[in-house]
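Report on one structure; see the data block that follows.
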2 protein chains.
Amino acid sequence: MTTDFATTRAMFHLPEGVIYLDGNSLGPMPRAAAARVARTIEAEWGEMLITGWNKAGWMDLPSRLGDRIARLIGAEPGHVVLGDTLSIKVYQAIASALEMNPSRRVILSDSGNFPSDLYMAEGLCRTLGAGYELRVVAPEAVESAIDDSIAVTMITEVDYRTGRRHDMARLTAKAHQMGALTVWDLAHSAGAVPVDLAGAGADFAVGCTYKYLNSGPGGPAFIYVAPRHAEIARPALSGWLGHDAPFAFEPSYRPARGIERMRVGTPPVLQLAALEAALDIWDMADMADVRARSLALSDQFIAGVEAACPDLALATPRDHAARGSQVSFRHAEGYAIMQALIARGVVGDFRAPDILRFGFTPLFIGADDVARAVAIIAEVMAGRLWDRPEYRLRARVT
Amino acid sequence: MTTDFATTRAMFHLPEGVIYLDGNSLGPMPRAAAARVARTIEAEWGEMLITGWNKAGWMDLPSRLGDRIARLIGAEPGHVVLGDTLSIKVYQAIASALEMNPSRRVILSDSGNFPSDLYMAEGLCRTLGAGYELRVVAPEAVESAIDDSIAVTMITEVDYRTGRRHDMARLTAKAHQMGALTVWDLAHSAGAVPVDLAGAGADFAVGCTYKYLNSGPGGPAFIYVAPRHAEIARPALSGWLGHDAPFAFEPSYRPARGIERMRVGTPPVLQLAALEAALDIWDMADMADVRARSLALSDQFIAGVEAACPDLALATPRDHAARGSQVSFRHAEGYAIMQALIARGVVGDFRAPDILRFGFTPLFIGADDVARAVAIIAEVMAGRLWDRPEYRLRARVT
């Protein structure tokens, strides 16, 4: 398959005058999304009522769409399921892994991980008691910190602030060598970089769909369990839709076969319908093409910004292998600078304390967008256009 | 407020020829739902992109809509929040309660509880280890089983099969007298019967919105924590949106103030938008009026069915105080009978092993509907019209 980016771009709606470099935070709207969701509401919910669970296939959406995501992350078909939020899926994955490695008590993560992963692990350790511990090291110290005390590593492949990418195959191999299991968070990987879960031998993986995958605000998360663990892993959050016979209403839990056991409650059908519209676009994309274009766009961006803005310090690794699909720069006035950029139509985001973050999403961003964004950034920096009180007012940002 | 049921009925879409007595499983579609969700998709997600979290108020939806549900369940404003699924909210509530009652190890529930609640509690006990136990007794034995070994009771007020209603005030008082905390599941109560959480002194409550509250397939759940516990309860599932400063991205979890700490991950904005359309109808309803009409409709139904169908055995208590807003009958051929009824436009549902369940939802069901439903049931039973092979074929049912 060769990806036709002009076609994919035309399938998204982008507001007039906006260069959207924040698809790594919330992807833009597929043009088909509203009609797809309206169909689910009116023709399915409205007309089929309760029978929609079978007739409209709502019940199977989490696995059916999971299979379409599996292709993008190198997962074996039948081993990815959607539901809940990323935080919940992180919890299920690490809890399952800990139970599978009962002689150890340590979850290893790094300080570049997204805080919610750390908070969920903290909560799990608190619930487990008995000496369970979350150990957080610097990202560059992860490899050496994987020793024979580690039960499970909980690592986000691409750092949400810097865009630094861990070497999944290498860290997974080290973990296995030391008798640890791995949980990979693909929040900034799925749809951003080619991922090869099966090839890397990953044990568990989780991710969200509202960033690069464009499912819309609050879209569901996904979870992957390696086929070799599929009948062993026990989901700590054992809900009825993860039961082997949910409609038998048995008094005790029996895990469903394989990945289905990672389902918990009733799936969010409207959010899944929006995701389906987005996956219709993703079905036309080859991750190798996406990656090649992402690197070209981000290289162009780095070169342009560095040439024009000496005050902005690159926070993202230059090495292609060591970065995801975003470029971050540091500046002490990063917050105000980002507000000035947003006011001029260049939408990235700010991450405390000093990170300006720009996402490159080839399905709808091209070289012309990057050139225009660079010109606006150069203008804002050269003229200190960010140095105005209203840009310093901190509203809550996402 | 006097509820104008002709107006509320006109605000729902009901398919031609259907008498929908299954609003207790999946409520029907508010006519405004599709347009409301389309606006969220096109005018908010499409145009505001990431800024929708603040500009469109997405971030506050879980509390804002929580307050509108609070009125229906007798909760203090500011103490209900939406998110996740009911199973997840059950887990948070019982985990919090167990941590608040550390010298005890027993979760008490009853065999009439919805299985997912039991499964989630089983999973939690497995994770906690250390002698934690889920004790399940018969519904009628709950009161006497509340002794000084019980850490927390986990009880669904209205039985999903029989419609039998527990006495919330009485059981809560008994629990408190014995030093136990209470978690009330309001899945079949919210929007079905007047609930007075504050008056009963309930500690925690949880519920779903896709049944009587009409939020659509996969709509989010809600959780209530009594104000006296709001700053004490620790959510075992401690995600970033339950953090006191989510956008400070601190390395460690600090619970947000009050009910906000029960949030976990990114809220499902499209599902919340559909819920908002439903709450616009609920805002016009007084629960006392809803209850009066629900009892009148269900009394009419019981009298009609019992007069015409001697083979159907009432499974729901006759006593008004002891029932919710559904009526169930038992019959060994219940599955086939329900298929025959659905084929004739009377939509209820079947719950194994032998329950025919009919929900009465005054916002859109009236006395004429009940009279027509009774006539059709009478015809199906008198003529044994259910006795056909195609009605015995078991598809997966919800």
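Any Cβ shown, glycine's included, is placed from N, Cα and C.
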_Per TrEMBL, A:Leu86, A:Ser87, A:Phe114, A:Pro115, A:Ser116, A:Asp117, A:Thr156, A:Asp185, A:His188, A:Tyr210, A:Thr266 bind pyridoxal 5'-phosphate; matching candidate in A:Trp240, A:Trp282_ = A:Trp240
_I'm trying to understand the geometry here, so how far is the Cα atom of A:Thr156 (pyridoxal 5'-phosphate binding site) from the Cα atom of A:Lys211 (N6-(pyridoxal phosphate)lysine), in Å to the nearest whole number?_
14
*Using Cα coordinates, what distance in whole Å links A:Trp240 (pyridoxal 5'-phosphate binding site) and A:Lys211 (N6-(pyridoxal phosphate)lysine)?*
29
*Considering only the binding-site residues A:Leu86, A:Phe114, A:Ser116, A:His188, which fall within 10 Å of A:Lys211 (N6-(pyridoxal phosphate)lysine) when distances are taken between Cα atoms?*
A:His188
_To see if you understand the setup: which same-chain residues, six or more apart in sequence, place their Cβ under 8 Å from that of A:His188 (pyridoxal 5'-phosphate binding site)?_
A:Asn24, A:Thr156, A:Glu157, A:Val158, A:Asp159, A:Tyr160, A:Gly163, A:Lys211, A:Tyr212, A:Gly324, A:Ser325, A:Gln326
_Filtered A:Leu86, A:Ser116, A:Thr156, A:His188, A:Lys211, A:Trp240 - recorded positions with C-beta under 8 A from chain B_ = A:Leu86, A:Ser116, A:Trp240
*Helix, strand or coil at A:Lys211 (N6-(pyridoxal phosphate)lysine), per DSSP?*
coil
_Mapped DSSP class for A:Thr156 (pyridoxal 5'-phosphate binding site), helix or strand or coil_ = strand
